[in-house]
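Before any comments, here is the structure.
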Amino acid sequence: MVDFETAPINAPLAESDPAIARLIDQERDRQETHLELIASENFASSAVMAAQGSVLTNKYAEGLPNKRYYGGCEHVDAIEDLAIERAKELFGAAWANVQPHSGAQANFAVFLALLQPGDTIMGLDLSHGGHLTHGSPVNVSGKWFNVVQYGVDKETQRLDMEAIRQLALEHKPKLIVCGFSAYPRTIDFAAFRAIADEVGAYLLADMAHIAGLVAAGVHPSPVPHCDVVTTTTHKTLRGPRGGLILCRDAEFAKKFDKAVFPGSQGGPLEHVIAAKAVAFGEALRPAFKAYSQQVVANAQALADRLMARGIDVVSGGTDNHVVLLDLRSIGMTGKVADLLVSDVHITANKNTVPFDPESPFVTSGLRLGTAALTTRGFDADAFAEVAEVIADRLLNPEDDAIQARCLERVASLCRRFPLYAMATEPALV
């Protein structure tokens, strides 16, 4: 056997590439010792990471299961079929495509399947909690299509379905997008369906943020009401980073399959698809429902305690995992708040709030999410303590003693709720 010294295929990562191994180790330490409150992040299980870090990364498999352009696909066919069946069972869908590399790719495939350049679409304004792919002018969705953006009511900071209906009647969109990246309230998918039917529009639900809550029955499902549903597979679903498309109509299914491949992607990432299958299997277990219920209870506890400390929360609370702070109530910008909590090892992100006078690079809001820390085992009491730390830091930005105490409390919480305790990163095995 030839020994290729330049290709140490059996060497562990720490030996083969110590620089990358060291950086991965540092990132793991950061995740263990910081409080993760970014609403779009979560912690995948060791099983999910093991599947994603497997030999499946070696296999090329253009096409759909049992309709490949390459040989040797019998095992990845079985894996992808299992991922599809689990996704359908989890969300009550008639069809699923598990190949999109991301939620943005899933949305793009839907646009490619249903629309032509110049068609009119409606989506939630980014500054009101929407997403870049819902018609933002900096995204391809805002460049290819005529975009009509709807927003929330200025007083209630909630979706005004009658105002949305009037916009739809005026502009007659070909497709309406319902979904968000920073909207803390329940979405009435049935009301969106009625509007879409009235104007003859397709209805796309982007449930990327709430997919796990939908799977667990904690948030109403869009699947019975929408022509097509897209999602990411991480966030509240707690899987690998990736995308998913669901629908209930065989005619649409063929269009979406072709829009994914060959329309917008080449070979699927079968190692990621295997990890998706594992995550879907985990979400089908009874424990996942209890987890998702706790995610919402924790968000409500976080919001309540922050409001009690005098910090406004957009819409006055939350129905899901998102808590969006309106920092105008304490005379602070999101940019400053982001840096302040980061100094005490709390990870969040600045975010626009409805009718925000600040630029997207500054903002008046701070977006928080409870999915990741709930995975660590945080309960409502622990989140009330997290809220106290955040409030202490934001309300006393110049007090070094309070900053030091906040750091101590964060460290204590991290020790009480360890993440991958005593586990070995798959990449380092």
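Backbone N, Cα and C atoms are what each Cβ position is placed from, and that goes for glycine too.
Over in Swiss-Prot, the protein carries these features:
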BINDING   LEU126, GLY130, HIS131, LEU132, SER359, PRO360, PHE361  (6S)-5,6,7,8-tetrahydrofolate binding site
SITE      HIS234  site 'Plays an important role in substrate specificity'
MOD_RES   LYS235  N6-(pyridoxal phosphate)lysine
(6S)-5,6,7,8-tetrahydrofolate site span - longest C-alpha distance across LEU126, GLY130, HIS131, LEU132, SER359, PRO360, PHE361, in Å: 16
Set of same-chain residues at least 6 away whose C-beta sits under 8 angstroms from LEU132 ((6S)-5,6,7,8-tetrahydrofolate binding site): ALA104, LEU126, VAL138, ASN139, SER141
Between GLY130 ((6S)-5,6,7,8-tetrahydrofolate binding site) and LYS235 (N6-(pyridoxal phosphate)lysine), the C-alpha gap once rounded to whole angstrom: 16
Cα separation, the residue listed as 'N6-(pyridoxal phosphate)lysine' to SER359 ((6S)-5,6,7,8-tetrahydrofolate binding site) (Å, whole number): 26
Among GLY130, PRO360, which are binding-site residues, the residue with the most C-beta atoms within 10 angstroms of its C-beta: GLY130
Between PRO360 ((6S)-5,6,7,8-tetrahydrofolate binding site) and LYS235 (N6-(pyridoxal phosphate)lysine), the C-alpha gap once rounded to whole angstrom: 22
Rounded to the nearest Å - Cα separation of HIS131 ((6S)-5,6,7,8-tetrahydrofolate binding site) and HIS234 (site 'Plays an important role in substrate specificity'): 16
